[in-house]
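Structure first, then comments.
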Amino acid sequence: MKFKQDFFTQLPEFYSQVYPQGITKPEWLAWSDDAAQLIGLSQPTDELLLGLSGNAAVDGATYYAQVYSGHQFGGYTPRLGDGRSIILGEAIGPNGAWDVALKGGGPTPYSRRGDGRAVMRSAVREFLVSEALHHLHVPTTRALAVIGSDLPVWRESQETAAITVRLARSHIRFGHFEFFCHSERGRADKLIQLLNFTITQHYPHLSCDAAGYKAWFLQVVQDTAKMIAHWQAVGFAHGVMNTDNMSILGDSFDFGPFAFLDTFQEDFICNHSDPEGRYAFGQQPGVGLWNLQRLAQALTPVIPSDDLIAILNQYQEALVQPYLRLMRAKLGLSAVDVPSVEQDKQDLDLIGRFTVLMEKNQLDYTQTWRQLGKLDPTSKHSALRDDFIDVSQFDTWYQAYQQRLGAVADIPAWQTERNSVNPKYILRNYLAQEAIIAVEEGNLAPLHLLQKILTQPFAEHAEHEDLAKRPPDWGQGLIMSCSS
């Protein structure tokens, strides 16, 4: 790897230098070939294993942990920071630079009495969801690898430590801006320094002046809205949408007790620590706006409040339009030639009625969309009909759907197109859990197979139909904790 060190050299007050503590008996548990290509790597090597497990220095790396704050479950925490993630720098790849971070690399000044470690189960989950989201075309950070060890760590019980090697276009979060506005009062100069760095590094088409700052914030609003639109379309619940877990670039970030929907449930909660459902699946669009409002508050020393409010008022449209585009593609609806508020409203109603029917009939979200690939949209008798208990309500919806769909000249091509946007395979929690149990038993094959399937989620993989099934009884409604 070849590194540059722009964050390290230009923002010295934004981090603490800290070196990783190596894990014992490191071994490759998983590796992403296409993530490796982003930073110019090919195959995992023994030398790389030693470096990324914290047991040897990586040439060109400067190790550091970033400081930031954030709103966690609605309350402001004035000092957070990377408690177990150590950044090596920005690795230069063929198409840009990516931060390389060792998540679980050991304690930092921000560990808050934690051990700075990640357990194997959380490392595997982060790796798999990074692969899954990327191949579902959802904006996300990436995971290069998972490195296992025999190092014991204690959570609710004894587990083994592991490291996720995370790649991110940037690790700058909403919480970075909050820290230098609220926690370090009177440091508007540092806020401006961070803003200028962010624009120069990631928005080089914008200027570092009043007009550029407003254009930048609008882009952040749009990117955040687009990310959440993708989450809602694929049925992904993040679980911990604190502002310190929000990437300034609109990439899915900091995965903990996440889940993909099995049975469709608007108020689905995937986080054991969120009994009131603040971050429930259906709440995510609203939380996205709330988090952007917190970011806007942090930017008031730099951008006038009236301008911030005007930009925030564009969030709803920035969310709805990509969501409509994604959902129209899932349903096979033709794109609207001339944008129309009325047509958007009608399509949102059609989509909403369909998901309400899914919830009422306790249907699997992913499987139901995939069934459209078997549908003859010209037939009065839908293959989907048998899945619904209240067929009269389905018939009413299906009639409206056919009317909106219009004529379909090439049915096989239409079906193929549906299968290209409606995945057959998602990272169901029970599949991740089965892979983790196998790793604990020394068997990496289920993990590697699951990774392979998740990199091709739209393919049939007829020999692996079992990975597309709804969860067994024990795997239904699994709720994960933040313990990792």
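Heads up, the Cβ atoms here are built off N, Cα and C, so glycines get one too.
With a cut-off of 8 Å between CB atoms and residues at least 6 apart in sequence, the same chain places Y68, S69, G70, H71, Q72, T77, L80, R173, F174, G175, D254 near D244 (active site, proton acceptor), listed in sequence order. Marked as active site, proton acceptor by Swiss-Prot: D244.
Look at Swiss-Prot and you will find G81, G83, R84, K103, D115, G116, R166, R173, D254 tagged as ATP binding site, backed by sequence analysis. Under 8 Å, Cβ to Cβ, and six or more positions away along its own chain, R166 (ATP binding site) finds S85, D99, V100, A101, L102, K103, E126, S130, T141, R142, A143, L144.
Sequence annotations record features per position, and here Swiss-Prot assigns Mg(2+) binding site to N245, D254 based on sequence analysis.
Taking the Cα of N245 (Mg(2+) binding site) as the reference point, the closest of the binding-site residues G81, R84, D115 is G81. In the three-state DSSP scheme, R166 (ATP binding site) falls into the strand class.
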